[in-house]
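Reading through the structure tokens given below for one structure.
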Amino acid sequence: MSGQKPPSRTDSSGQIRFQVDVVTEGSAPAPAPAPAPAPALAPAPGLSDGSKPPEESKGRFRVVGFLDSGALGSAADIGLPPDVFHEPDATKSDSVSLHSTGTGQTHISDTHSNTYYMRTFGHNTIDAVPNIDFYRQTAAPFGEKLTRPSLSELHDELDKEPFEEGLANGEEPSAAEESAAMAAKKVHGGTVKFGWVKGVLIRCMLNIWGVMLFIRMSWIVGQAGIGLTIAIILMATLVTTITGLSTSAIATNGFVRGGGAYYLISRSLGPEFGGSIGLIFAFANAVAVAMYVVGFAETVVEMLNDVDALMTDELNDIRIVGTLTVILLLGISVAGMEWEAKAQIVLLVILLAAIANYFIGTFMPTESKEPKGFFGYHTAILIENFGPDFRDDESFFSVFAIFFPAATGILAGANISGDLTDPQSAIPKGTLLAILITGLTYVAVAFSTGSCIVRDATGDHNDTVSDTVNCTDAACTLGYDFSICKEGGCQYGLMNDFQVMSLVSGFGPLITAGIFSATLSSALASLVSAPKVFQALCKDNIYPGLSVFAKGYGKNNEPLRGYLLTFFIGLAFILIAELNIIAPIISNFFLASYALINFSVFHSSLANSPGWRPSFKYYNMWVSLAGAILCCVVMFVINWWAALVTLLIVLALYIYVGYKKPDVNWGSSTQALIYNQALTHCLNLTGVEEHIKNFRPQCLVLVGYPNSRPALVQLVHSFTKNVSLMVCGHVRTVTRRPNFKELSQDYARCQRWLNKKRIKSFYAPVFADNLRHGAQLLLQAVGLGRLKPNTLVMGFKNNWSEGNMRDLENYINTIHDAFDLQFGVVILRLQDGLDVSHIQGQDELLSSHEKPPVDSKDQLISVSPVRDSDADSCLSKTTNNQTSPLITKETKSPLSLTDQRLLESSQQFKKKQGKGTIDVWWLFDDGGLTLLIPYLLTNRSKWGDCRIRVFIGGKINRIDHDRRAMATLLSRFRIDFSDINVLGDINTKPKKHNKLTFKELIEPYRLKEDDMEQEAAERLKAQEPWRITDNELELYKAKSNRQIRLNELLKEHSNSAKLIVMSMPLARKGTVSSALYMCWLETLTKDVPPLLLVRGNHQSVLTFYS
């Protein structure tokens, strides 16, 4: 196969179809870095002279990058990557070896032929070896999407028409998507990406180290003591650590895009949870900007107040300073992530300097600071401050509630996941290390403040004592008497001075700078996080109308509109300047996010999906569940009413998104768990024996395309909805079998139509030579375990007398096959017919992007090439010229009167049935299916106003007896009925003109064997088995008369019924010809209201035992 090769061809769409195959043959030597001379290459017949490629390659495969003779000069000449160079070998081979030298270069060596294949193992094939680019999404940011050869391109016959296979999800990328992907690739060349230190560690540390570290830690130690403070810190750290582990697990389970907590939760739990938490998380970050800025402004205003430099009053000064600050922060953010990252580093340096300044100061006590409670490290102070001393109605949980917000901020790095170089590596390392460092810092501060500062101090140098022998507190042993503080009024010490860390530090103003740094860094992180999360949410179009905020600008795709929205939200709350009420809700919003991240890991592990395989292994599903529960508990500990508000908001948004059902599919763990549960329940059902009380009519409906016979689908759905299984079977006979892409698109359209109409049914198409063969496949194969149909439902074959009689033979034999397999059979007849597929303007089985423009003169309709007029209840024929029988174009034309009646008739079961009756002609006991279906119908709201009337056969002299017996049976079955009619004249001979009509009906199908030789009659019967013999006609004369008589009675008693449900007459297989049986059904059901012929499998489906 080394002679002729397919010509070079590229994909016109701009997307690379396959990887490049390089095939060279020529006479020129190929230069190489190896010192050995390269062998001469043979000329390449078939390429240089323009001869045709071999038959296998003709118009079939898309192999790009083949070169003509002498084309292989160097790595650059053949288009290899810059780190790959060619190295010919003295010994030739049919395969190419690609191997790494360990120096960053890749050698291609060939050992048996003059053909080089970069991708395959040396055979003339387009089969592709594993490549990461095959697994990328359409708009992959770090590489171009390649599409591997489809199975059809490798497997189908050579003479078969080539076709373009879709992407993995069955949809080709549009031109807009491809251009966007290419543009994104170009743009990303200049993007600024951060590593785990700059992108995650620094951000998380800055966000966790808040103002709490400087102005509240000392007060918490004073209230709870060193021991309980450390316990509080460890409890908070436990929650954040578990959440950090869960975040790491989710972040390492595949590529992480921008969106932070929203992206992690939505891709794990689905759009309902993700959409609800994404919105409140973005809002929480926006309001958190105001919280941090107000904290900064309050500190500035206090300083201005100390030097008597207020501009107006304290409240308005806070608003002025806060507004100026948030404008400055907005400018830094809009300038780009690079500037924002530089600002964060500056703030971190200041913050670290402030912390170091405090710890240095603890070792530098001075006498001037002693009256204010700072004595340096002393064992007496440590012992006294180790236990709690709760005051002012504080408790352990109230102090914990005050501290916990200081431990939040662990998602600051994850929130900019789209701006990280390697989110899978950066998020776990940066987040967990930040939790560790900040946790140790908090513990160290708690220990140091409790060891060198007393709880209460007067600040008066004169409050000293000389007698330290009988002291009962630490201050007394150190020469000071602060006992007056027990009466209140002291302004210094752990309990009274929030700025005590400034007192302790070596350089007080540096602590103030640290407070500024902590507040501004947290505000800046929130100002960046909120728009990024909101942008990701808007891109997914979860909430209609918010897509305007999805647009990004610049090389980093900055959400400038989101920045402005966050700015205005933050500014609004800054102007309120009273955040004591909103603060607990914000903390609860963050906690709700943490709870769902933990629950995501538990849920994904529980679902046991093969796709859940995070590279971060240090997590446990039960620990994550405990973390989720802990987060919920902490929510109520912090503020119970805020927790309730948060849960109600999440629930409301969840219900809204669930109701809107956004058209997204992210492979969430919810889907995986539903599958697991369904599989488990199906398997459990197989071990349970069926019981009469649990019988359900599980229906296989031979309906063709579901929208072609809406009346049949709607009626069956009426008695199976939320009760039993319904499968819309479709037998397709085609002259050219569609490819897999067409099949999958047809299937998706049909299932989409069912879902749109809220019909709870499955769609099951099969390909077969005829209706009977296809029905046999469906009857035997459809279903899973106990979820398997037991009742076949068909439409009546209205045009049986006009079409091919072999179709009639298949139709009747399908009924026989169903009875052979112990199925019940139900046939629906409407006098106007069932098939509406030829009528323009019907519901198309189309997705939105397939529909034509509104002003188009053509109309897309659902149609079969030739209307079968319910010819086979489910058969669709497809010709070579029509790839899909779902779609064709026709000009609009007015409906005929017949079609108008048919259209109205097809919608009659969709609307509510008014007051009327369902007449049940229970003539033969089939196990009770004839009675069960009408009962199930009357349980529906559409049929709730209808009453059941029962008609039974009987003798004229036993009418009362038969009525009482039936009433007793129905009451035992607990089935309500309005009337019971005993037909005493059922055996009366039919009218002569009706008998004559029946005779005319069967005349064309009679064999008339008495008018021909026996051999000729037998030969004709063998060729046309539907023929009615004279012997058969005479044998079943009484049964024929009964069908005529029953039709007369139906017209007499049930002409105004909403629906007639009647026992179906049986025909013995092999004895009654299909034409005679069809004549019976035609005669019985002619010119009456909608009629269901029902015959169960003669196994009881009703019982009066409990």
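Positions of Cβ are set from backbone N, Cα and C atoms, glycine also.
Predicted automatically and left uncurated, TrEMBL annotations should be read as such.
Annotated region 'Disordered' per TrEMBL: 1-58, 79-110, 867-890, in sequence order. Look at TrEMBL and you will find 1-16, 93-110, 875-886 tagged as compositional bias 'Polar residues'. The compositional bias 'Pro residues' annotation in TrEMBL covers 30-42. The domain 'Amino acid permease N-terminal' feature in TrEMBL is assigned to 110-161. Summarising the annotation, TrEMBL assigns domain 'Amino acid permease/ SLC12A' to 199-700. Among the features that TrEMBL reports, transmembrane segment is placed at 200-220, 226-256, 277-297, 317-336, 345-364, 396-418, 430-449, 507-530, 563-583, 589-606, 618-636. The annotation domain 'SLC12A transporter C-terminal' is assigned in TrEMBL to 709-1106.
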Quiz prompt | Beyond the flanks of the transmembrane segment (200-220) by 6 or more, those residues with Cβ under 8 Å of it | solution = 194, 229, 232, 292, 295, 299, 344-345, 347-348, 351, 354-355, 399, 402-403, 405-410, 412-414, 416, 420, 426-427, 429-431, 433-435, 437-438, 441-442, 445-446, 449, 453, 494-495, 497-502, 511, 514-515, 517-519, 521-522, 525-526
Exercise. With Cβ distances under 8 Å as the criterion, find the stretch in 226-256, 317-336, 345-364, 430-449, 507-530 that has the most pairs with the transmembrane segment (589-606).
Key: 226-256
Quiz prompt | Stretch contact, the transmembrane segment (507-530) with the transmembrane segment (317-336), Cβ-Cβ under 8 Å, 3+ pairs | solution = yes
Quiz item: Which whole number is the mean pLDDT over the domain 'Amino acid permease/ SLC12A' (199-700)?
Solution: 85
Exercise. Test the contact criterion for the transmembrane segment (618-636) and the transmembrane segment (226-256): 3 or more CB pairs under 8 Å, pairs 6 or more apart in sequence, then answer yes or no.
Key: yes
Quiz item: Under an 8 Å Cβ to Cβ limit, what residues of the same chain, 6 or more beyond the ends of the transmembrane segment (317-336), are close to it?
Solution: 192, 289-290, 293-294, 296-298, 300-301, 304, 310-311, 343, 520, 523-524, 527-528, 531, 554, 556, 558, 560, 563-564, 567, 570-571, 574-575, 577
Exercise. Would you kindly check 226-256, 345-364, 396-418 and say which stretch has the most C-beta pairs under 8 angstroms to the transmembrane segment (430-449)?
Key: 226-256
